[in-house]
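Everything on this sheet refers to the single structure shown next.
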Amino acid sequence: MADYLISGGTSYVPDDGLTAQQLFNCGDGLTYNDFLILPGYIDFTADQVDLTSALTKKITLKTPLVSSPMDTVTEAGMAIAMALTGGIGFIHHNCTPEFQANEVRKVKKYEQGFITDPVVLSPKDRVRDVFEAKARHGFCGIPITDTGRMGSRLVGIISSRDIDFLKEEEHDRFLEEIMTKREDLVVAPAGVTLKEANEILQRSKKGKLPIVNESDELVAIIARTDLKKNRDYPLASKDTKKQLLCGAAIGTHEDDKYRLDLLALAGVDVVVLDSSQGNSIFQINMIKYIKEKYPNLQVIGGNVVTAAQAKNLIDAGVDALRVGMGSGSICITQEVLACGRPQATAVYKVSEYARRFGVPVIADGGIQNVGHIAKALALGASTVMMGSLLAATTEAPGEYFFSDGIRLKKYRGMGSLDAMDKHLSSQNRYFSEADKIKVAQGVSGAVQDKGSIHKFVPYLIAGIQHSCQDIGAKSLTQVRAMMYSGELKFEKRTSSAQVEGGVHGLHSYEKRLF
């Protein structure tokens, strides 16, 4: 035996790695690339990992992924896709209040259980009214009541099959001439459970199931398409009415109170106060205003990067905190204003403080890959907000274009001059609305096509689950418990270690992630 080898038992295991407290109390500002998590013991499969996380004090998601309120990232299409895959999207506010509220309404109407406020027409309405409703709402399975309003007697229903082959000159016909009459409809009585109603809908093979009371008055309706969505997207984020969850961004100015009212009417579940520096009297006053006027509406404050900033917003009553300043791929706040903080340090410091008050943290910015998501969650964040990682997906706003044979979509920071020129809301976010000379805190660029959210997000989910498996944790709750107890260990990486951890030593390679 070589003289340096020692024989004996395996009971001795040296202390290895650093605790999170040791890692982040060294005085250096760290980014996600500056450290690694040391692996643990595996006794379960990756698909057993539970990714359930708190977005706010009262909203829980099955997937810890959130899309950023940027005008090149999140409108209704993105918010719907994120909610269906278990996360949530925040509609940007670099637009008119009416446009933003309508985007929220599209999300809330996309999937429902009992629809208690459907589009309703009367027998004397015309075929062209159905086509207008279809263009406005995206569907045409419309119940017909004697007065054209909910709560009145059901007399029929109009579906696409009734109008598909009508000629232009027939668009002035009355609906009573072509609708499916009441006696031919399958209906369910008021008081039926959602499960029972879905079973009736399945057996009937109809597209819509009207719910009527003893007087045959319409009280609700259920759609077959929603039943199929419920089957296809088991992780979907929904409210108590079985509608998809949706968030929206607002500012902290007086005119944002009007925007807030429209969003509340549209059914928004949570608002994020969109500011690059959230520790301001303006945001504190807005938090108090919202909590007083809409006590059940969840409010996310931010952005913050220190415990001192977080304290003021927690005292004001926020339900969650958004953490990050200058770490986004299109953000130049740190470069231009010399303010901010490396993102990993910011997430750990704020999360460690906010957890004492039961306030979840959203890690916002600096996410370049699935490993960064796993690190943010391991440092105490409950969810991760993504901008560039979701930009250029099919569901992101904007049109694709080609450059040098590569398919791209535009992506810009909300602090870029490009975004500020589009709408005043971007200037408000950076306190620049009154400035004669605008100081850009972001840039405009382009991002390569990533395909659909419905393929990309499942890849992210699987990556997080495999990361938790390597750590030896069956849930994100366990990951954070291990981190705070000191059981989870970290290690700093030198620049050479970072090179070693990436692809190296190859003449050429193709990097396919999924």
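A Cβ is built for glycine as well, from the same backbone N, Cα and C atoms used for every other residue.
Marked as active site, proton acceptor by Swiss-Prot on the basis of sequence analysis: Arg429.
As annotated by Swiss-Prot, NAD(+) binding site applies to Asp274, Ser275, Ser276, Gly324, Met325, Gly326, with the evidence given as sequence analysis. Other Cβ atoms within 10 Å of the Cβ of Met325 (NAD(+) binding site) number 28 in total over all chains.
Under DSSP, Gly365 (IMP binding site) is assigned to coil, being neither helix nor strand in the three-state scheme. Residues annotated as IMP binding site in Swiss-Prot, with sequence analysis given as evidence: Ser329, Asp364, Gly365, Gly366, Gly387, Ser388, Tyr411, Arg412, Gly413, Met414, Gly415, Gln441.
For Lys195 (among others), the entry in Swiss-Prot reads SUMO2 cross-link. Cβ-based neighbour count (10 Å, all protein chains) for Lys195 (SUMO2 cross-link) stands at 7.
In sequence order, Gly141, Pro143, Ile157, Ser159, Ile221, Ile222, Ala223, Arg224 are the residues of the chain that are 6 or more apart from Lys208 (SUMO2 cross-link) and have a CB within less than 8 Å of its CB. The annotation SUMO2 cross-link is assigned in Swiss-Prot to Lys208 (among others) on the grounds of similarity to another entry.
The SUMO2 cross-link feature in Swiss-Prot is assigned to Lys438 (among others); the stated evidence is similarity to another entry.
Here Swiss-Prot flags 114-173 as domain 'CBS 1', drawing on sequence analysis. Per-residue pLDDT, averaged along the domain 'CBS 1' (114-173), amounts to 81 for this model.
Annotation source Swiss-Prot lists domain 'CBS 2' at 179-237.
Positions annotated as phosphoserine by Swiss-Prot: Ser122 (among others). The Cβ of Ser122 (phosphoserine) has 17 other Cβ atoms within 10 Å, all protein chains considered. For the recorded site, Ser122 (phosphoserine), the DSSP three-state label reads coil.
According to its DSSP assignment, Ser160 (phosphoserine) is helical. The phosphoserine feature in Swiss-Prot is assigned to Ser160 (among others); the stated evidence is similarity to another entry.
Here Swiss-Prot flags Tyr400 as phosphotyrosine, drawing on similarity to another entry. Classification of Tyr400 (phosphotyrosine) by DSSP places it in coil, neither helical nor stranded.
Residues annotated as phosphoserine in Swiss-Prot: Ser416 (among others).
The feature N6-acetyllysine is assigned by Swiss-Prot to Lys511.
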>> Tell me which of the recorded positions Ser122, Ser160, Lys195 ends up closest to Asp274 (NAD(+) binding site) in space, Cα to Cα.
In response: Lys195
> What number of additional C-beta atoms lies within 10 angstroms of the C-beta atom of Tyr400 (phosphotyrosine)?
Replying inline: 12
> What is the biggest Cα to Cα gap, in Å, among Asp274, Ser275, Ser276, Gly324, Met325, Gly326, the residues listed as binding NAD(+)?
Replying inline: 14
>> So if I draw a 10 Å sphere around the Cβ of Gly387 (IMP binding site), how many other Cβ atoms end up inside it?
In response: 27
> If one measures from the C-alpha of Met325 (NAD(+) binding site) to the C-alpha of Gly365 (IMP binding site), what distance in angstrom results, rounded to a whole number?
Replying inline: 8
>> Could you give me three numbers for the domain 'CBS 1' (114-173), the DSSP helix, strand and coil residue counts?
In response: 18 helix, 13 strand, 29 coil
> Given Ser275 (NAD(+) binding site) and Gly365 (IMP binding site), what distance in Å do their CA atoms have, once rounded to a whole number?
Replying inline: 13
> Going by C-alpha distance, which of the recorded positions Ser122, Lys195, Ser276, Gly324, Tyr400 is nearest to Gly365 (IMP binding site)?
Replying inline: Gly324
